[in-house]
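Structure first, then comments.
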Amino acid sequence: MKCRVWSEARVYTNINKQRTEEYWDYENTVIDWSTNTKDYEIENKVGRGKYSEVFQGVKLDSKVKIVIKMLKPVKKKKIKREIKILTDLSNEKVPPTTLPFQKDQYYTNQKEDVLKFIRPYIFDQPHNGHANIIHLFDIIKDPISKTPALVFEYVDNVDFRILYPKLTDLEIRFYMFELLKALDYCHSMGIMHRDVKPHNVMIDHKNKKLRLIDWGLAEFYHVNMEYNVRVASRFFKGPELLVDYRMYDYSLDLWSFGTMLASMIFKREPFFHGTSNTDQLVKIVKVLGTSDFEKYLLKYEITLPREFYDMDQYIRKPWHRFINDGNKHLSGNDEIIDLIDNLLRYDHQERLTAKEAMGHPWFAPIREQIEK
């Protein structure tokens, strides 16, 4: 669908316009692949996805644990994009931490001398990016099979299905604040993640460490550009993707974040459980209501696909309807309800930004810890 009503991000709108082309032009980037595959040893397989297989391994000379993501045959452009984004996120020098509710920009440093010839930092070099973004260590290609692989830091992750139900109220606030810091950082770098979900948030609970991983669907944000809506996993897709509105922005990540948060707070996994993309939108409308949905469609002049023509009318469901004896220790306060309500909005322009969310009263205990 061709967008009839244009929309642009409320924050970090022209970041990539202010950069040199080398920063975001991944199609013309030259990748300097290493062929030193003997530096690493694969120990066991830990996961697989549509575009890759993931293994745990070790760097032989230092015995440092690593993760090796072996890429399946895909378009070279997609591989270049992921590597360019990861190296951009790793190479930027992050200023000293400032509190998110201050008026100054959380991250303001700009770097214009990005090299077109990409080689990520290796183990003995300092990492300049944000701590909560997974660290890319190396890019290698087997000299015989030509299979490309990305080498990342290892995170002693606890599966979210096991971890999330055990987290205390304060721990949920802490980890979600850490995730917002990662999102605000990548957005400030002109990058949308486009696949925020529990599976892509690694948490080392013992060391209270969080990493946002899997940047294979991430993309640089440019004003007035229309993007592919076949991104994000079904349960975390924003309404804009489900109605084929292509001029979306960073706020897509905040919808996904909001669904994660609602799932953790209400102990309902996933929060919107559609059986197809069509049903996913119906599940959202059943909660947020038909009235606001129709206002959203009208504002952006969106015509629904034919399969939605016979959609029933639904009254908006109050958030307190999701509170029960099993979750009221997490959900039973107005602040968390207000935060979720301001994230899960049809209209992407109305959603809180990552920085705004960090300044929400629900995160006050976390901000107070930072001040100390």
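Heads up, the Cβ atoms here are built off N, Cα and C, so glycines get one too.
Swiss-Prot lists 40-363 with the feature domain 'Protein kinase', giving sequence analysis as the kind of evidence. The average pLDDT computed over the domain 'Protein kinase' (40-363) stands at 90.
Here Swiss-Prot flags VAL46, GLY47, ARG48, GLY49, LYS50, TYR51, SER52, GLU53, VAL54, LYS69 as ATP binding site, drawing on sequence analysis. In the three-state DSSP scheme, VAL54 (ATP binding site) is classed as strand. Around VAL54 (ATP binding site), the same-chain residues six or more apart in sequence whose CB sits under 8 Å from its CB are LYS45, VAL46, GLY47, ARG48, VAL67, ILE68, LYS69, MET70, listed in sequence order.
Counting every protein chain shown, 21 other Cβ atoms lie within 10 Å of the Cβ of ASP195 (active site, proton acceptor). The annotation active site, proton acceptor is assigned in Swiss-Prot to ASP195 on the grounds of sequence analysis.
A straight line from the CA of SER52 (ATP binding site) to the CA of ASP195 (active site, proton acceptor) spans 15 Å.
The least crowded of the binding-site residues ARG48, LYS50, judged by other CB atoms within 10 A of its own CB, is LYS50. VAL46 (ATP binding site) is surrounded by 14 other CB atoms, counting those within 10 A of its CB over all protein chains shown.
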